[in-house]
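This report refers to the structure that appears directly beneath it.
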Amino acid sequence: MLFDMDLERLREYRPEPQEPADFDAFWAKTLAETARHDVDARFVPYETGLATVDVLDVTFRGWDGQPVKAWLMLPKQRSGPLPAVVQYIGYNGGRGIPYAWLTWSALGYAHLVMDNRGQGGGGKNTADTPDIGPEGHGSSSPGFLTRGIEDPHRHYYRRLITDAVRAVDAAKAHDAVDADRVAVLGGSQGGGLALAVAGLRDDVAAAVADVPFLCHYRRASQITDAGPYAEIARWLSGHRFRIEEAMETLSYFDGVNFAARASAPAWFSVGLMDRICPSSTVFAAYHRYAGPAEIEVFPYNGHEGGAEYDLPRKLA
């Protein structure tokens, strides 16, 4: 059934953003600290038996110089530098095995799939990157949204978003990649990461945010009891007098705020029956996106959005 607002209201929904005054300074400092470490992208051939794709096992330096894993898929038959897609994965997933990620290389792209630090327990794609985070991040409920919710410097998504920014550098480090044609893409958490990277880099060629997570946290935590946003409500139900403190921390990692700083052409999608990433949270980010943007609305779909059926639209 329809969840959240109807489409007419969504098209007018432009909430007042919650944006910390030092948002830009926070991220400039975070990325500058990580930039002290060379990305040191290493590409090791990985035997798969695939006849049309070369697979490389990638390790690069993400947040605080910590190692992050990825896959890089390249068409075996290629000439000259290729356009590239850097893909980010959904919540509690990981890079898994390369056989799951063959579409973009089949279309002639270089395709880097970044692992999610500390995730991969969702039962499908496992992860190979540990989360070596700051010690003593304080109280949290199960999951990642409240891990470090008392301090943005210790929050989990500070580390994961920094990894995502550096993944673009890792892709550009391979000589098969055209550094001027690197797009970022993802669904759900991956869509939120794509928005963050588009807002933190000015060299992204395009961004695709399918049913993006990590947007408009206050509203999301108030209108859905589905995870992962339910993690916030669960934490706040115990920490009754710390609502504003928690929301202030989360605002540093809000796709609505990253969208306002992005300039690359973007494509969004949203399902009006999505209880995981409610449609108003997606439209809040879409309406604040500073670059050219389109949104595909799926009235009778939930968090699956357009699934594989929207691939031709992304290519367009």
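The backbone N, Cα and C atoms fix where each Cβ goes, and this holds for glycine too.
Among the features that TrEMBL reports, active site, nucleophile is placed at Ser188. What TrEMBL records for Asp274, His303 is active site, charge relay system. The substrate binding site annotation in TrEMBL covers Tyr91. The domain 'Acetyl xylan esterase' annotation in TrEMBL covers 2-309. Here TrEMBL flags 120-145 as region 'Disordered'.
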Listed active-site residues Ser188, Asp274, His303, filtered to Cα within 10 Å of Tyr91 (substrate binding site): Ser188
Distance [Cα-Cα, Å, rounded] between Asp274 (active site, charge relay system) and His303 (active site, charge relay system): 5
Structural state of the residue listed as 'active site, nucleophile', classified by DSSP into three states: coil
Sequence-distant neighbours of the residue listed as 'active site, nucleophile' in its chain (C-beta under 8 A, six or more apart): Gly90, Tyr91, Asp210, Val211, Pro212, Phe213, Ile276, Cys277, His303
Greatest C-beta neighbour count within 10 angstroms, which of the recorded positions Tyr91, Asp274: Asp274
PLDDT averaged over the residues of the domain 'Acetyl xylan esterase' (2-309): 95
Cβ packing number for His303 (active site, charge relay system), 10 Å threshold: 18
